[in-house]
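*Asks:* I am attaching a structure below and will ask some questions about it afterwards.
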Amino acid sequence: MSLKSPAEAHVDPATQIIQKEPKRKWVSYIWDTFDKSPEERRLLFKLDSAILTFASLGYFIKYLDQININNAFVSGMKEDLGMYGNELNYMQTCWNIGYVIGEIPSNILLTRVKPRYWIPAMEEVNLAQTRMKLEGRRNREPYTKSKLKKIFSSWHIYLLTLLYVCFNNGAAGSQPIFQQFLKHSKDPVYSISQINSIPTTTPAVQVVTTLAYAWISDTVLNGSRWPPVVFGACVNIISYVSLAVWDIPMGWKWTCYIISGAGFGLSGLLMAWAHEICSEDNEERSLVIGSMNEMAYVFQAWLPLVVWQQVDGPEYRKGFITVTVLSVILIISTFVVRFLHNREKLRQGNQIQEAETEDHSSDSPGRISIETKPIKS
């Protein structure tokens, strides 16, 4: 396939300049594919249509499977089955255990599945491979002892996992705290339909903030991921500290339940940040992403049994305090990750400059000159 447009950065075999800094058009701040070539737009549209749709539907089904027990619980199952202890917590734990068991094997498998099973058109494969070169991505490598030592001696796998664990458990998440509050209300008394429908305002806030975080991070913040993370964690702290106090004005209590969804819309942003930080090593990225998901649900398997006990509802004081503390840790770890990542990029930039200086001084033919795009943190 012949790549002719400037956006596709034709590779000159004489110099092998892999990438130059592209000049962004203003339309790219609205949608990042608007300033790309027709071939790239077509490729990205197909990837979004296939992979993104598949992933979204899969997550939607997973979410329904995860929360349907909550709706049934507040709709009469508690009384019908005599679930007056912590049975709901045990049922949620069973789901989380199954999720944890398949997490890391699935992520490792994804690095070994050939792209042709997903993208059958050869021209699109070539274009996708060219885009990977433009981003400076390396080819897949085997999991050797030295590779594993490198991965587990880096801060990436530990701090990024901590970051995601604090996010994933630093909110009520799948716990029916809003539903329990409505179900226990005596004045007014809410119908089963209202108990199930009113709490959907919280995930509605989550949807809006998830989209807003992604768009603002990519455009206004020019790729910085940490500001929305800190903002979402601050919303969590405000909401859950207020709910831990409990004796607050009813209007503010409702507001806290609803806006808490803003703190749970950070998953995609944190995953994107982890992908960017580990972008130079496919195997590390796979293990880090798997570890983030795995450990997040390992904690979800047992933490609710301690702090979100069904018998404490609707005044989950232990739960509200716990997620507040986790949100504080999330903010601290976000700034630590930002500092370490910036230091890492500075070192890499210095190494690239030194290598280019040596290449220019030697003036050898066929040299490789790589100019990478910096990713803001």
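Any Cβ shown, glycine's included, is placed from N, Cα and C.
Got these off TrEMBL a minute ago, pasting:
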REGION    350-377  region 'Disordered'
TRANSMEM  155-178  transmembrane segment
TRANSMEM  198-216  transmembrane segment
TRANSMEM  228-246  transmembrane segment
TRANSMEM  252-274  transmembrane segment
TRANSMEM  286-308  transmembrane segment
TRANSMEM  320-340  transmembrane segment
*Asks:* For the transmembrane segment (155-178), name the stretch out of 198-216, 228-246, 286-308, 320-340 with the most CB-CB pairs under 8 Å.
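*Replies:* Stretch with the highest Cβ contact count: 286-308.
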*Asks:* Which one of these stretches, 198-216, 228-246, 252-274, has the most C-beta pairs shorter than 8 Å to the transmembrane segment (320-340)?
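*Replies:* Counting Cβ pairs under 8 Å, the winner is 228-246.
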